[in-house]
Every structure is written in C-alpha cells, then in structure tokens.
Amino acid sequence: MMKRLQEYIYGFIPPEAFSDEITLRRYKLLAYTCFITGVFSFYYSLDSIRFSFIPGVIGMFVFGILYFVLLYQLRTRPFQWVANGYSIVGAITVHSIILFSGGAYSPAHPWLISSPMVILLVAGQRNAVICLIYNCLFSLTLWLLAANGNVVEMYYDTSWELSFSASSLIGLIIICFIIVLVFENGKNTALNQLQAKNQQIEAEKKRSDELLLNILPSEIAEEIMQNGKSTPHFFDLVTVLFIDIQNFTAHGEDMTPEALVNQIDFYFRSFDNIISKYRIEKIKTIGDAYLCAGGLPVPYADNAREVVKAALEIRAFMEQTRTERAATNLHYFDFRIGIHSGSVVAGIVGLKKFAYDIWGDTVNTAARMEQHGEVGKVNVSGTTYEHIKDHFQCRHRGKIDAKNKGKIDMYFVD
C-alpha cells in the first residue's frame, strides 16, 4: 500500500528532479504535503456535515481540489510557483474556516500556529515569515473585534462545539506529525546518503594514499599529503645499488613478450622483498636495470653495510634461481651488481607520473661499478669499501677511470 502511494506521489515529480538529491528531497516534501493536506481537506469537508458547518463542507472540498491541482501542477510548473500557490491556498484555508466558525472563538483558531511551520518546511523562510506576520495580524484583528463586542457569527451547530474543537485539534496534531515525519524521513535519507558519500570519499582517499605510498617513500608521501608538494633534499652519504641483466637483448629474442615481462617481474618483485628488509628505498627500474639506495629519505649511518647485505642476499637468490631453472631447462637471467657510496640530491620533479628520484655523481659511479662488474659478483667502489671493510671480506680487483675523479678502486665482496 505504502509503495503504491509512494509511486503515485513520485509520479507528480518531474524527471529532472531525480538527478539531484537535494532538489528531489524538496519536491518529495512538497508533493507529500499537498497530498496529505488535500486528503485532510476532503475528510474535514465530510466531517463538517456532522456540525452542520456548510461553509466548511463547501470550502474544504474546494480547497481539497486546489491542493490536488497544485500536486498535478508540480510536474509542469516551476517548484517555487507551486510552493507559493500552496502558501496562499493554505493561508486562505485556515483563515476562511476561522472566519466562518466564530473568529476569535473558533475551534479552528489553533490552526494559525501550524500554517507558518508547514509553509516553512515546503516553501521556504520568506513565505513562512509572510504567513507568520499575516496570521499574527489576522489573529490580533479578531481579538480586537471580540474585545469591542463585535462577535463573528458561527455558521455551525454550536451544540457540537466541543466535538468541533476536538476534531480540529486532533486533525492539527495528526497533519503536523505526518508532515514533520515526512520531513524527518527525507532528512535522514539525505544524511544517510551524505554519510555513504563521505565513506566513499574516504575510501577513495585511502586508496589514493595507498597508491601514493606504493610509488613514493612514506615520508615523502606524507609530506605531499600534508603540504601538496615535496621539498628536494641533499643527502651527504647514501649508498646506491645498481643491478642489470646480462645480455638482456639476446634473452628478449628467445622469449615471447609476455614471458619476458613475467620473468623480469619475478626477479624485480623478489628484489623488492629483499631490500625491504634492509631499510633500502627502491628508486626505479629502467628497462632491465634496477636502482635502489640506502640512507634516504631517512638518513642512517650504516647504510653501506645494509646495502651490501641486501646485495649478497640478492646474489644468493639469483644463484638459487639459476640452479632451479637450469635443472628444468627454463630461462634464467644473470645479473651484475654495482655499489657506490656518496652524496645525492633526492626529490620529485614534473607534473604527471611523478616519482621519487636521485641525482648526482654517486648514481653515475654506481652505474660504472655495475658495468665493470662480473656476473654473480657484488662490485663495490673504494668509497663503499672503506665503510664495510671491517664487516665483509673483500678482494681488490683493480681500478677504473672516472670522469673528474681520476682512478677509482673496485672490490668484490665475497
């Protein structure tokens, strides 16, 4: 029953109103109010027969028709036009019944209290204030007339006065409750939708934050989330690790694109898991090369030792993988590893696809260490060696020329 009633009333709401929740709520409230007031007017018209209240019988029937006319007009007329119409018809309805049922002594006099409140809900503050002022002046006029002995005639059987008063008061209570209930339901629906929207926004924000944390160091991501940008930083001592696939082009010619990408993904994911144990920050992958660094974005003194530990674990992983895959005639990659310690500048540049990156001669030297290394060996520079020599066994393997640096010592970490 209620569902059919709802479908009936919704049929008077213009389709475009359903595209906006706030607009739809206003239309629903006005439509329900017109319907409820119209039904009550017809009921009051029939009830007036009991009191021999002929003006009530005719007037409330006419007003009931007008309320339903306004309901029908809601689909084609502007919202405010119907709201203004309801305000006018509502005020005239109450004033007419009071005038024909005793003026200041009318059992319907309490209806003057309700009309501004109902109009406030459906037609807005401006119409409600006008109705309030009009009702106050109307009531004051009636009381002044009564005080001067000008009694307004009662057009109903006064023997039913108590019943008339009870009917008016009960009707007032019921209609006010129903309209406020409709408003409350609409408000709760709007609040629930707002809460759901906020939860959706919060979930989207959480996903965005998680994505940001996946592509940036947590400290840098937090800085961006708080300030909208990240400040570049200079680090006096970090240790950069380069890993590169040996003969990558030759491997690519023997494998399908999907198999090649899956293979690289397998190795690089494993590298990610290993370096996460040693406070090392992954910087980026460049084709078949993997770049990471220790000692940033939060500096720590023993970063060279931690990076070498990670490099040795990566070497052990590669040796194990080579053995397992060779035994089953599967493709495997050989890698060279180069490490150098020194200063870098780190930060984020660009507007799109931005990433945390590092710059400086330290990065270039680490790349040179990798290029002059050997498969399955961890090749470190003399600078890194000075930081780790008390913790690892190293073998000097010669020098290389470095631009603007002269010759640089190289060591294998055993």
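Note that Cβ sites are derived from N, Cα and C of the backbone, with glycine treated the same way.
Just so you know, TrEMBL annotations never went through curation; they're auto-generated.
Note on the coiled coil (184-214): residues 21-22, 25, 28-29, 221, 224-225 of its chain, located 6 or more positions outside it, place their CB under 8 angstroms from a CB of the stretch. Taken from TrEMBL, the feature coiled coil covers 184-214.
The feature domain 'Guanylate cyclase' is assigned by TrEMBL to 239-370. For the domain 'Guanylate cyclase' (239-370), the DSSP counts in helix, strand and coil order read 64 helix, 38 strand, 30 coil.
Positions annotated as transmembrane segment by TrEMBL: 29-46 (among others).
Positions annotated as transmembrane segment by TrEMBL: 52-74 (among others).
Summarising the annotation, TrEMBL assigns transmembrane segment to 81-102 (among others). Counting same-chain residues at least six beyond the ends of the transmembrane segment (81-102), those with a Cβ under 8 angstroms from any Cβ of the stretch are 30, 33-34, 37, 41, 53, 55-56, 59-60, 63, 66-67, 70, 73-74, 108-109, 111-112, 115, 118-119, 122-124, 127, 130-131, 134-135, 138, 142, 151-156, 164.
If one looks beyond the transmembrane segment (131-152) by at least 6 residues along the same chain, the residues whose Cβ comes under 8 Å of a Cβ in the stretch are 87, 90-91, 94-95, 98-99, 102-106, 109, 112, 115-116, 119. Taken from TrEMBL, the feature transmembrane segment covers 131-152 (among others).
Look at TrEMBL and you will find 164-183 (among others) tagged as transmembrane segment. Sequence-distant neighbours of the transmembrane segment (164-183) (same chain, 6+ residues past either end, Cβ-Cβ under 8 Å): 28-29, 32-33, 36-37, 40, 43-44, 47, 51, 53, 101, 107-108, 110-111, 113-114, 117-118, 121-122, 156.
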